[in-house]
Amino acid sequence: MPHSCLMSTFSRLPVAFVRGEGVWLWDAQGNKYLDALAGVAVCGLGHAHPAVTAAICDQAGKLVHTSNWYEIPLQEKLAERLCRLSSMDNAFLCNSGAEANEAAIKLARLYGHKREVLNPGIIVTEGSFHGRTLATLSATGNRKIQAGFEPLVQGFYRVPYNDLAAVRQIAEHNKNVVAVLVEPIAGEGGIQIPADGYLKDLRRICDERGWLLMLDEIQTGLCRTGKWFACQHEGVAPDVMTLAKGLGNGVPIGACLARGAAAQLFAPGSHGSTFGGNPLACRAALAVLEVLEKERLDARAAQLGARLLQDFAQRLAGVKGVKDIRGRGLMLAIELDRPCKELMTAALERGLLINVTAENVVRLLPPLILSDAEADLLARELTDIVRAFLAAPAAAGETR
Ligand SMILES: *Cc1c(COP(=O)(O)O)cnc(C)c1O
């Protein structure tokens, strides 16, 4: 790459897209790519979805931004819609996942102080990802993301993911814990799916102790896992739920939803955002919710996920080097026994966009509007690529 005026925050694959439609992207040379990443679970409705495009264009021609110093009816409408879908009481609208989690962390601290806890603490997990701002990277369970940014924000207690005994142990020794913040499925952490009952038991512990259960549904929410929200697989209602990625289908928007006592903590002056919930973003999100609902994409994601898992399992049966195939809805993983970052390049060369996370986990987050034929194509192509990679001399996979 020649000199760039961009700060170096991503090591990018050598391709730029100029157009998208549904699950497909095109580069400037006219090459076509099947997008099984969807901008990291953002474009759940695929690219250039007509209903979202129409909503954005119409709103852009009317009113893009005013200010949170004025009433914004589209915000009211979006909050009402989100609360109805999630059974939460109210919403704070912002511009990203990290901001949604910042709001959640601030709610937990207000909640603690209200209960006269001097230094309110939040339990978080190893392998988690909550964002890149200082508070959210401090909450994140990945040293690589924190390194160099010390001093970290204090007040987080870390436990292994999917380990209830560790949560109970922290509770015994730290009277200042006021909340738990977890992902229902650890996305960046390699699509780690906790044992059945994990969220239910966390709910029970939180109820016993008077803690807030705060679920980071930024990646899992909005039909991605086959339900509207991943906590619904266990029938668990959190006190705080954060959303972002899939909410605007690419228009930046995040939301922090709260219920019960957590919904009564913010007052004018305690939190805010200049852009948060502006008319353009809210209009896009309303269009997204409408399509998700009308097309029953929760059920569709569940069905497609099952189909893909079965197809992967069949096509990779007995292939040495495949450690695990797992997923829920359209949040899917193929875990290998070796680092496999270069699979992203190998797939790109074959016209397939995938992601590798946690070093050795192929992560798929395709648009929820995938057709059966596209799903079959994805399974065929991907398993071919994985098989070829695993058959290559081991050194190739272990140098990076
Ligand atoms: C992506 C993600 C975030 C951060 O969202 P940004 O919009 O990048 O700030 C937080 N939590 C989870 C679970 C995520 O997947």
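Placement of Cβ uses the backbone N, Cα and C atoms for every residue, glycine included.
As recorded in TrEMBL, the features of this protein are as follows:
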- Gly97, Ala98, Phe129, Asp216, Glu217, Ile218, Gln219, Thr274: pyridoxal 5'-phosphate binding site (BINDING)
- Arg132, Ser273: N(2)-acetyl-L-ornithine binding site (BINDING)
- Lys245: N6-(pyridoxal phosphate)lysine (MOD_RES)
Determine, to the nearest whole angstrom, how far the Cα atom of Gln219 (pyridoxal 5'-phosphate binding site) is from the Cα atom of Ser273 (N(2)-acetyl-L-ornithine binding site).
22
Return the residues near Phe129 (pyridoxal 5'-phosphate binding site), defined as same-chain residues 6+ apart in sequence whose C-beta is under 8 angstroms from its C-beta, sorted by sequence, else 'none'.
Thr140, Gly141, Asn142, Ile145, Glu183, Ala186, Gly187, Glu188, Gly189
Enumerate same-chain residues with a sequence separation of six or more from Asp216 (pyridoxal 5'-phosphate binding site) and a Cβ-Cβ distance below 8 A; give 'none' if the list is empty.
Gly97, Asn101, Ala104, Ser128, His130, Leu181, Val182, Glu183, Thr242
List the binding-site residues Glu217, Ile218, Gln219, Ser273 whose Cβ sits under 6 Å from any atom of ligand 1, in sequence order.
Ile218, Gln219
Rounding to whole Å, the Cα atoms of Arg132 (N(2)-acetyl-L-ornithine binding site) and Ala98 (pyridoxal 5'-phosphate binding site) are apart by 6
Integer Å value for the Cα distance linking Glu217 (pyridoxal 5'-phosphate binding site) with Ser273 (N(2)-acetyl-L-ornithine binding site) is 21
Which is it, of Arg132, Lys245: the one of these recorded positions whose Cβ has the most other Cβ atoms within 10 Å?
Lys245
CA pair Thr274 (pyridoxal 5'-phosphate binding site) / the residue listed as 'N6-(pyridoxal phosphate)lysine', Å rounded to integer, equals 19
Taking Cα atoms as reference points, which of the recorded positions Ala98, Ile218, Lys245 is nearest to Ser273 (N(2)-acetyl-L-ornithine binding site)?
Ala98
